[in-house]
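Noted in TrEMBL for the protein shown:
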{"type": "ACT_SITE", "residues": "H130", "note": "active site, proton donor"}
{"type": "ACT_SITE", "residues": "E706", "note": "active site"}
{"type": "ACT_SITE", "residues": "E706", "note": "active site, proton acceptor"}
{"type": "ACT_SITE", "residues": "C740", "note": "active site, proton donor"}
{"type": "BINDING", "residues": "Q112, F113, I114, D166", "note": "(6R)-10-formyltetrahydrofolate binding site"}
{"type": "BINDING", "residues": "630-633, 663-668, 683-684, K790, 838-840", "note": "NADP(+) binding site"}
{"type": "SITE", "residues": "D166", "note": "site 'Essential for catalytic activity'"}
Amino acid sequence: MGDPVKSDTQTNGIHKTNGHHHEELKIAIIGQSNFAAEVLELLLERDHLVVGVFTIADKGAREDILATTARHHRIPVFKFPAWRRKGVPIPEVLEQYRSVGANLNVLPFCSQFIPMEVIDGAGYGSICYHPSILPLHRGASAISWTLIEGDERAGFSIFWADDGLDTGPILLQKQCTVNGDDTLDTLYKRFLYPAGVTAMGEAVDMIAAGTAPKIPQTEIGASYDPALFREENQYLNVNQPAVRIFNFIRGLDSVPGALAVVQMEDGQEVPVRLYGASLSAKRNLVSAKPIHFKGSSAECPAFVTREGIFITGTDGALVRVKRLKRGNRVIPAGQWFEQANAKATPLVLSEKEQERDMLLRSIWKSILKVEIETETDFFACGAGSMDVVRLVEEVKDTLEVPISNETLFMAPMYGEFLQEVVQRLRTGGSNGDRATTVDYKRVVLKANRRQISVPTQLFINGRFVDAEGAKALPIVNPTNEQVICEVASASKSDVDEAVQAADEAFRGVWMSVSARERGQLMYKLADLMEQYKEELATIESIDSGAVYTLALKTHVGMSIDAWRYYAGWTDKIEGSTIPVNPARPNHALTFTRKEPIGVCALITPWNYPLMMLSWKMAACIAAGNTVVIKPAQVCPLTALKFAELTVRAGFPAGVINVVTGTGSLAGQALTDHPLVRKLGFTGSTPIGKRIMASCAESNIKKCSMELGGKSPLVIFADCDLERAVRLGMSSVFFNKGENCIAAGRLFVEDRIHDEFVRKVIRGIRTMKIGDPLDRATAHGPQNHRAHLEKLQEYCAIGLKEGATLLYGGKRVPNMDGLFFEPTVFADVEDHMYIAREESFGPIMVISKFHASDFDALVARANSTEYGLASGVFTKDIQKALLFAEKVEAGTVFVNTYNKTDVAAPFGGFKQSGFGKDLGKEALNEYLKTKCVTVEY
């Protein structure tokens with residue numbers, strides 16, 4: 001910023017007033033706007049006498065803020081529609097001006113033509129503010145031309161008005177550097193406005209002190225630029241170097257916006273305004289779609305990607321445009337084709353709605369202190385958190401419309417906000433009410449005395465869409481092996497679209513949602529899951545074969561718990577300060593930031609479809625990431641119903657995406673995608689190894705793996721036997737044995753072995769096997785046919801190797817569906833296949849042990865490549881704690897089993913994987929730590 005131009009001499013054409021004035025300044029302020037109002041306030045604070053304020057006439061019922069401010073200070077206010085008529089001063093206007101006896105006119109910002117009789121009518125003359133370094137950029141669009149011409153410095157001049165256009169002698173000038181990301185708006189708000197107000201006060205002080213210079217303007221380098229309020233001057237020439245394109249767009253951002261005309265394939269010409277330009281590094285535009293601007297040459301192509309519109313300059317460099325305005329609607333430029341192909345539904349306001357528009361504008365104006373246009377951005381105008389609260393509460397009270405902070409975050413521009421408010425007033429509901437009309441292809445499940453609509457399409461960028469080529473896969477009900485429906489099967493291109501949407505959301509709208517607001521969305525989602533829990537549990541039963549009562553309590557119940565638990569964590573993720581040794585005599589501050597990773601991919605299994613989704617995704621979303629999930633190929637329906645609930649909850653488009661299909665195609669595409677930076681997987685160890693290899697080869701993704709298990713459960717003779725039998729059965733048969741932490745091998749002390757086995761078999765005989773929707777059923781069908789056949793093969797191997805089959809081992813006879821009998825093998829020796837490998841089914845594998853060698857027992861328990869879970873039943877606390885210390889497993893249960901909780905970390909060792917689900921530790925799987933050091 002330069003110093004005011006001053007001089008103590010009267011040579012070289014520089015003049016100043018000498019000495020102090022004996023006559024007190026009597027100031028008339030002529031102009032309008034917040035800028036003029038702040039100048040008035042400043043002059044009054046400095047004890048200057050303001051004898052009158054002259055401003056524009058009221059617009060409807062609204063007067064200019066300068067008039068309001070003057071009346072507050074009881075200063076005479078005069079409102080003139082014009083000062084001249086047919087080029088001649090209006091006598092009564094001149095008379096009213098002269099009535100105040102002003103000897104200095106101050107024109108901070110004035111859009112009217114002021115007669116020379118007024119300019120010269122004050123004894124000390126008239127001073128004006130002009131937002132350029134005169135004689136550069138004379139005229140009404142000085143700030144814009146400063147940017148358009150690529151000036152390195154911007155500034156303003158306060159000059160003595162004469163009969164020319166911005167040609168009078170200079171009183172003072174101040175300058176600032178033009179930053180690379182400056183726009184018309186930012187330059188004005190950052191420097192020209194605040195420094196300009198202060199400088200107007202300095203100028204009046206100098207006049208009062210008799211030290212104000214009058215420095216004649218040189219005509220060398222002078223420029224007079226066309227007025228950009230004329231539409232013909234607002235058109236962008238795309239056939240020029242990229243930096244010229246960039247400067248023109250930012251010079252008109254955000255009012256009025258650079259004009260361009262898009263030529264559509266059908267010959268239609270669509271005028272648009274461009275905002276948010278930046279000079280862009282070279283991008284991979286392979287998947288980009290071409291867009292043609294009228295007048296552009298073949299050497300200057302333009303493309304649309306999810307990141308925006310990229311315009312090629314004549315020098316081959318790229319300009320990225322983030323937003324554009326079509327008609328009255330501002331949209332992300334990357335959504336041009338989606339919006340262009342959608343049926344336009346212009347907002348036509350009724351007479352009553354027009355009145356509400358006026359009220360809404362007045363609320364915005366009272367907060368932002370600027371004139372409100374359709375494209376006025378609430379946050380770009382400098383609004384803070386208290387302004388958000390004030391706006392929301394005033395709109396709710398004044399218009400009686402149910403909105404929240406998220407409404408503003410999702411629609412920060414006035415035109416969008418108005419449309420949102422009007423739509424809610426018309427429907428009488430909230431965003432959640434309107435979201436019930438989300439359009440999708442569906443299957444209607446008729447079960448549990450309900451009719452449940454379930455989407456069957458991919459969920460990408462907030463919409464349900466068909467897979468490429470309408471490809472689909474059949475989904476089979478394991479209870480009767482009948483096809484429920486066909487569900488979209490994602491291609492590599494579909495997965496790319498989902499990842500691109502997640503990436504755009506992460507870098508855009510999701511970043512504007514605060515941590516606490518993120519938690520509120522998660523709580524809202526959990527409430528909706530609670531509201532629809534019976535539907536979700538029914539879908540889970542039909543789709544995966546889960547017993548309904550278990551699905552309600554665990555599959556769905558623990559899913560809801562996970563979302564609520566992590567919703568509470570969103571605003572408690574924090575870094576730390578670290579004492580370091582600075583280079584003396586300097587000081588240093590070192591701190592860490594916990595930041596979201598970005599786009600995360602989740603691949604979940606078929607045993608707990610909704611719960612595995614929730615365990616992973618809740619932590620992922622809480623940490624601030626966006627996500628693409630591929631649920632299990634054979635049971636994706638709860639994930640798709642969940643996607644519908646995310647829309648109802650108000651999650652922004654692109655934050656959560658669901659791609660259904662095969663692991664070999666959709667799953668592989670996710671693991672290979674370069675924009676995915678984190679992958680969470682639950683499934684088998686062999687598939688986990690392949691996924692890790694893909695993660696390494698693609699872009700070294702961070703990954704967490706919850707893989708296979710062969711969890712040992714040790715039952716000592718001193719245990720509570722009834723409890724051990726009951727929980728031992730649950731450890732194996734819970735959820736039909738399709739349980740990652742199922743006890744894959746039971747070690748039972750020889751003294752109680754036979755009694756334990758008898759009680760287990762007696763218990764099995766009381767279990768009801770059948771329709772999972774029957775509330776009395778304890779054991780439902782296996783998830784899918786291929787898995788049932790593997791269980792049959794597993795049992796055949798056990799028999800062949802010499803294990804004793806005491807119960808089951810086969811498909812339930814005379815029953816349709818994929819039902820497998822609860823099975824018990826005894827006399828299992830350590831070398832046998834069934835002692836080493838996981839069945840993932842309702843198969844109990846029992847081995848004896850003698851209590852004399854505790855270390856040998858632990859060694860047998862650890863003699864596996866898996867280390868997911870373990871358990872011990874004993875009344876001897878020493879044995880229990882020693883076992884917990886020595887066993888190589890991520891989870892140890894003592895005198896219980898399957899006792900998981902959303903607050904307790906869950907994950908395995910060795911080939912059972914690494915990383916954690918649940919608990920605080922799971923957040924670290926979806927965060928990265930950044931270290932910042934500041935030396936001062």
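Cβ atoms here come from the backbone N, Cα and C positions, even for glycine.
Comparing the recorded positions D166, E706 by how many other C-beta atoms lie within 10 angstroms of each C-beta, the top residue is E706.
Close to F113 ((6R)-10-formyltetrahydrofolate binding site) in the fold, though at least 6 residues off in sequence, lie A82, W83, R84, each with a CB less than 8 Å from its CB. There are 25 other CB atoms within 10 A of the CB of A632 (NADP(+) binding site), with all protein chains counted. When the Cα of G663 (NADP(+) binding site) is compared against those of the recorded positions Q112, I114, H130, D166, the shortest separation belongs to H130.
In sequence order, L107, C110, S111 are the same-chain residues whose CB sits within 8 A of the CB centroid of Q112, F113, I114, D166, the residues recorded for (6R)-10-formyltetrahydrofolate being left out. Within 10 Å of C740 (active site, proton donor), as judged by C-alpha distances, the recorded positions found are G683, E706; the full candidate list was A632, G683, E706, K790. Of all the recorded positions listed (I114, L665, C740), C740 sits in the most crowded Cβ setting, with the most other Cβ atoms within 10 Å.
Among the record's (6R)-10-formyltetrahydrofolate binders, Q112, F113, I114, D166, no two C-alpha atoms are more than 14 Å apart, and one pair sits at exactly that spread. The binding-site residues listed here are Q112, S839; among them, S839 has the most other Cβ atoms within 10 Å of its own Cβ. Neighbours of D166 ((6R)-10-formyltetrahydrofolate binding site) among the recorded positions H130, A632, G683, E706, K790, S839, defined as a Cα within 10 Å of its Cα, are H130. Across the structure, G667 (NADP(+) binding site) and E706 (active site) are spaced 16 Å apart at their Cα atoms. Within 10 Å of the C-beta atom of G667 (NADP(+) binding site) sit 26 other C-beta atoms, taking all shown protein chains into account. Proximity of K790 (NADP(+) binding site) to non-local residues of its own chain (separation of 6 or more, Cβ distance below 8 Å) is seen for G841, given in sequence order. In the structure shown, across all protein chains, G683 is the one of the binding-site residues G663, G683 with the greatest number of other Cβ atoms within 10 Å. Note on proximity: of the recorded positions Q112, I114, E706, the one nearest S839 (NADP(+) binding site) is E706, by Cα distance. The recorded positions examined here are H130, K630; by Cβ neighbour count within 10 Å, the least packed of them is H130. When the Cα atoms are compared, I114 ((6R)-10-formyltetrahydrofolate binding site) and E706 (active site) turn out to be 77 Å apart.
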